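Listed features, source Swiss-Prot:
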type	residues	note
REGION	1-182	region 'Disordered'
COMPBIAS	26-36	compositional bias 'Acidic residues'
COMPBIAS	163-174	compositional bias 'Pro residues'
TRANSMEM	264-286	transmembrane segment
TRANSMEM	294-314	transmembrane segment
TRANSMEM	337-359	transmembrane segment
TRANSMEM	379-399	transmembrane segment
TRANSMEM	414-436	transmembrane segment
CARBOHYD	Asn458	N-linked glycosylation site
INTRAMEM	465-486	intramembrane segment
TRANSMEM	492-517	transmembrane segment
BINDING	Gly659, Glu660, Cys662, Arg669, Thr670, Val673, Arg710	3',5'-cyclic AMP binding site
REGION	836-856	region 'Disordered'
REGION	870-897	region 'Disordered'
REGION	918-1203	region 'Disordered'
COMPBIAS	995-1004	compositional bias 'Pro residues'
COMPBIAS	1029-1042	compositional bias 'Pro residues'
Amino acid sequence: MDKLPPSMRKRLYSLPQQVGAKAWIMDEEEDAEEEGAGGRQDPSRRSIRLRPLPSPSPSAAAGGTESRSSALGAADSEGPARGAGKSSTNGDCRRFRGSLASLGSRGGGSGGTGSGSSHGHLHDSAEERRLIAEGDASPGEDRTPPGLAAEPERPGASAQPAASPPPPQQPPQPASASCEQPSVDTAIKVEGGAAAGDQILPEAEVRLGQAGFMQRQFGAMLQPGVNKFSLRMFGSQKAVEREQERVKSAGFWIIHPYSDFRFYWDLTMLLLMVGNLIIIPVGITFFKDENTTPWIVFNVVSDTFFLIDLVLNFRTGIVVEDNTEIILDPQRIKMKYLKSWFMVDFISSIPVDYIFLIVETRIDSEVYKTARALRIVRFTKILSLLRLLRLSRLIRYIHQWEEIFHMTYDLASAVVRIVNLIGMMLLLCHWDGCLQFLVPMLQDFPDDCWVSINNMVNNSWGKQYSYALFKAMSHMLCIGYGRQAPVGMSDVWLTMLSMIVGATCYAMFIGHATALIQSLDSSRRQYQEKYKQVEQYMSFHKLPPDTRQRIHDYYEHRYQGKMFDEESILGELSEPLREEIINFNCRKLVASMPLFANADPNFVTSMLTKLRFEVFQPGDYIIREGTIGKKMYFIQHGVVSVLTKGNKETKLADGSYFGEICLLTRGRRTASVRADTYCRLYSLSVDNFNEVLEEYPMMRRAFETVALDRLDRIGKKNSILLHKVQHDLNSGVFNYQENEIIQQIVQHDREMAHCAHRVQAAASATPTPTPVIWTPLIQAPLQAAAATTSVAIALTHHPRLPAAIFRPPPGSGLGNLGAGQTPRHLKRLQSLIPSALGSASPASSPSQVDTPSSSSFHIQQLAGFSAPAGLSPLLPSSSSSPPPGACGSPSAPTPSAGVAATTIAGFGHFHKALGGSLSSSDSPLLTPLQPGARSPQAAQPSPAPPGARGGLGLPEHFLPPPPSSRSPSSSPGQLGQPPGELSLGLATGPLSTPETPPRQPEPPSLVAGASGGASPVGFTPRGGLSPPGHSPGPPRTFPSAPPRASGSHGSLLLPPASSPPPPQVPQRRGTPPLTPGRLTQDLKLISASQPALPQDGAQTLRRASPHSSGESMAAFPLFPRAGGGSGGSGSSGGLGPPGRPYGAIPGQHVTLPRKTSSGSLPPPLSLFGARATSSGGPPLTAGPQREPGARPEPVRSKLPSNL
């Protein structure tokens, strides 16, 4: 109903009441509490309560109809009075309540009995105690006329009011304590009252409505509004509403100092005071005629406003600085104002000069007037100067406005003070300039005054004011005396006064300006002061220059030129605000850390609130191995190295963390951590670490799993962590989703470690000086052409070349074994290198080295074998786990298989024996060269060639048993081979180009013969060195080591005995297959530099040995065979002479077109047993087999003279 317009509410209130019930507008709270507190009624909290009326007495039922009609008339007369004050836009819902005395007894007329009268009297007394008159009017409003609000008589009431004496009147209820005089409205109904009420209804409604609206609007201007300034001063909207109630209850015309009316009035007085303080000195000093109309009007208007302000100050509340409560009591306001600034304001507001002139003009004596005329004028000017005392009022108002601007617009208080000080200095300079001219004028311009000396007596007032102002500012700024030094005594004293005032103002200005400048960048000033103390400390202790420089760099990186007391600042904030700030400051850390990305947000917040920021310089040891750990660290920015004894260092970069292992195990540090760059870290103490993990057990399990994985990567174990993790796994504490999250965190940690290794290898690897022939193929076609000639292969085995050429690069070979290698295996594998290099026999002459086919080199390159450092980007990555079929499970060969290879039964045992899983090292340059599919024959077991065991010097339990041979063409020497050597075969996918016709399925003999391969380069054979004229024996394959996680690759110039490889080429998901265009392009690049093979080599290719029909045509033994066995017996188990391409199918000859003339050959690789088609030309075919024991013809290569 409160949302209805006032006219409709008045109509609803004037409706006739029901007989059995009556509607009452009441507050939900108790009326007595509301009135006692003087509180404001909230219209939205009102509700309608229906109170049942007592049934009329039987004796009073006779006159029910008449009383009902009179009640309706009284209700009509009551409506306007009640509705006049219901619509209050200002919330002014004040009430004055009272009680009505009944005008007649409840008994019936002449027929009423005494008992009936007594019964009616009781009900009438209960009715009288009800609240009837609820007028909503302010204390200043007129009371409701009695004739307008008459209580409707109850049904059955008697028409003769004088039949019985009226009952005693209800005593008036006390109104609010803040009201001056409580009142009681008593409405008396007389005969004809309803008619009188009907006659005055329209006029009273209009008059009361207009008066109430104006009073409410004006009253709202005297109360504090709900704005930004009031909310900051009082704290909340409820407090502002309570202050509004205090203003209404304080009395009539009490003005709140924060009200809108006082705000605009102060603004008007401020402008008027500034005008007076500027215009009045100029008018008094430079204008002699002060009786002009504009001057009089200006003074009268100004004085009138100041007198009104003087009166309003007695009704305006006073703000006490030491107390939050504002004084609103009129008596206290009056006493406090009289004791403070009343006298000064009164004197500055009274027109004393005009009063003096009026008094003086009443004297009729002409002589007196003539004698006193000049003195009267002078005295009047002096009295006019009393208006300048309004400066005190200006200062008070400016001070209030400083608070308003500071609270409302957040302006710096120092800036406001500077502006006020500048304005005050300019005003004092203005007054001083007027004073410099006023004093000589009051003395009638003596000859020694500066005005007479400069002949400025009769000049215009503008020129006089300009020179006077110049003279005054020269004195106040202490820069001179103006045009000339003072001569007369009055000028001397005025000059001294100006100097004193000016020096004081100048000192105040310098002080405020200095404070303002310092407050603009206090954090930088604090940093500079702190660093000055540090410099004095370093000088006092005579620290060396390098230490001083490190301290200087630390301060620059740690504080970056600004210093804050961050702990104190965050400690003063609330908990939600502090968490929000910390989350914002650590947003980069959270974004770069997978641990936080997969964790609960509450865990992240709890962890971040306990972090402490630290900075470390390059070379600082953050933690040391063997010490007791008290902190763990999170890397926000920087690179650190994890150093362990006997293992290669590990790099950690942005988003990683370390130092958690000893916090979990409560032990000592398992590794040292050194900062490589400037590192910005966040540390977490052990107490806070355990406190957070107690609330989040899943994150404790994640920390333990990652710590166990990290220990495994550096070759260490911790039984406590292992027991905890296994216990959690067995107990099933965590569900599947939580386990998946933990596994994701562990996987992210591994990937970040691998990324750090790749970054380290790319940033810190320095290439060793090697011949141009070892330069990678991708750098220059000419270098690639030189690297693929037969000279490159011959240089590999030349005995007179320096050993530095064949030394493995820093990032490859045995020097960079992965974390999985233990020191025991490392020493054992390193012991094989000197003997292998020392016993290797070179080729008889470079001319005896044949040029192998391009297919063999591509196969070996794509198979994932080790390569020199220059070829490391081109090598495929190996999987972190052994691929399917690594354990030697046989599978049926398919006709479409391109190459048949051998695998090792029981390779998984050999893999585990070497310790640790193989980590992958990806290279972006490698993905186009990886084969698109694995050959199904890769997992097919095949017999080991003769002499395939015993050459590596490995323990017998590491080597698998030789599988049974399925090749019908295997020689008897192959069956009787001595055990002890290892044969490994790798398979690649078919490498064919669009020019290559489809191949037919291979016979079983070819599958069995594919087990042959090249022996490890540099390994010592069992027998002696055989001359190169012996027929080649069954070659041995080359066990290649996969790339490590650190990015290192094995060298082809040293035997890579670091670890066994998986027996087939692993393929990563999403890797595109090798495109034939890449091979064709390589062929076209080299074809110009090497146009054709030597003719002798072409002739030799047409010859084939019967015993070599089962061998792969891509197998090239590079060393002379040991022993003097001939033919294909292979009983000696040694290495054969420099090999030639042999046909894979008997009865066919091998042809090499010109396009395949070693053009696309990579740098020399160790040769393996494999077979592939020729890229860029027709398939290679085998020539007729040569007789057993026939000596192969030596092939002399035609090399350019520059090589």
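Yeah, the Cβs are placed from backbone N, Cα and C, and that goes for glycine too.
Feature annotations (Swiss-Prot) mapped to structure.
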| residue | record | DSSP (3 states) |
| --- | --- | --- |
| Asn458 | N-linked glycosylation site | coil |
| Gly659 | 3',5'-cyclic AMP binding site | coil |
| Arg669 | 3',5'-cyclic AMP binding site | coil |
| Arg710 | 3',5'-cyclic AMP binding site | helix |
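Other residues of the chain with a Cβ within 8 Å of the Cβ centroid of Gly659, Glu660, Cys662, Arg669, Thr670, Val673, Arg710, the 3',5'-cyclic AMP site, are Ile623, Gly629, Met632, Phe658, Ile661, Leu663, Ala671, Ala707. Neighbour counts of Cβ atoms within 10 Å were compared for the binding-site residues Arg669, Arg710, and the top value is held by Arg710. Across the candidate stretches 264-286, 294-314, 337-359, 379-399, the maximum count of CB pairs under 8 A to the transmembrane segment (414-436) is reached by 264-286. Long-range contacts of the transmembrane segment (264-286) within the same chain, counting only residues at least 6 positions beyond its ends with a Cβ under 8 Å from a Cβ of the stretch, are 295, 298, 302, 305-306, 309, 312, 381, 384-385, 387-388, 390-391, 393-394, 397-398, 400-401, 427, 430-431, 434-435, 437-438, 441, 461, 464-465. In this structure the C-alpha atoms belonging to Thr670 (3',5'-cyclic AMP binding site) and Asn458 (N-linked glycosylation site) are separated by 100 Å. Recorded residues Gly659 (3',5'-cyclic AMP binding site) and Asn458 (N-linked glycosylation site) have their alpha carbons 92 Å apart, per Cα-Cα distance. If you compare every pair of Cα atoms in Gly659, Glu660, Cys662, Arg669, Thr670, Val673, Arg710, the residues listed for 3',5'-cyclic AMP, the longest distance is 14 angstrom. Cβ neighbour count within 10 Å across all protein chains ranks Thr670 highest among the recorded positions Asn458, Thr670. On its own chain, Val673 (3',5'-cyclic AMP binding site) has Tyr621, Ile622, Ile623, Tyr633, Val640, Ser641, Val642, Leu643, Leu652, Phe658, Gly659 as residues at least 6 apart in sequence with a Cβ closer than 8 Å to its own Cβ.
The Cβ of Glu660 (3',5'-cyclic AMP binding site) has 23 other Cβ atoms within 10 Å, all protein chains considered. Cα to Cα, Arg710 (3',5'-cyclic AMP binding site) and the residue listed as 'N-linked glycosylation site' are separated by 100 Å.
For Cys662 (3',5'-cyclic AMP binding site), the same-chain residues that are 6 or more apart in sequence and have a Cβ closer than 8 Å to its Cβ are Ile628, Gly629, Arg668, Arg669, Thr670. For Gly659 (3',5'-cyclic AMP binding site), the number of other Cβ atoms no farther than 10 Å from its own Cβ, over all displayed protein chains, is 24. The two recorded residues, Glu660 (3',5'-cyclic AMP binding site) and Asn458 (N-linked glycosylation site), show a Cα separation of 94 Å.
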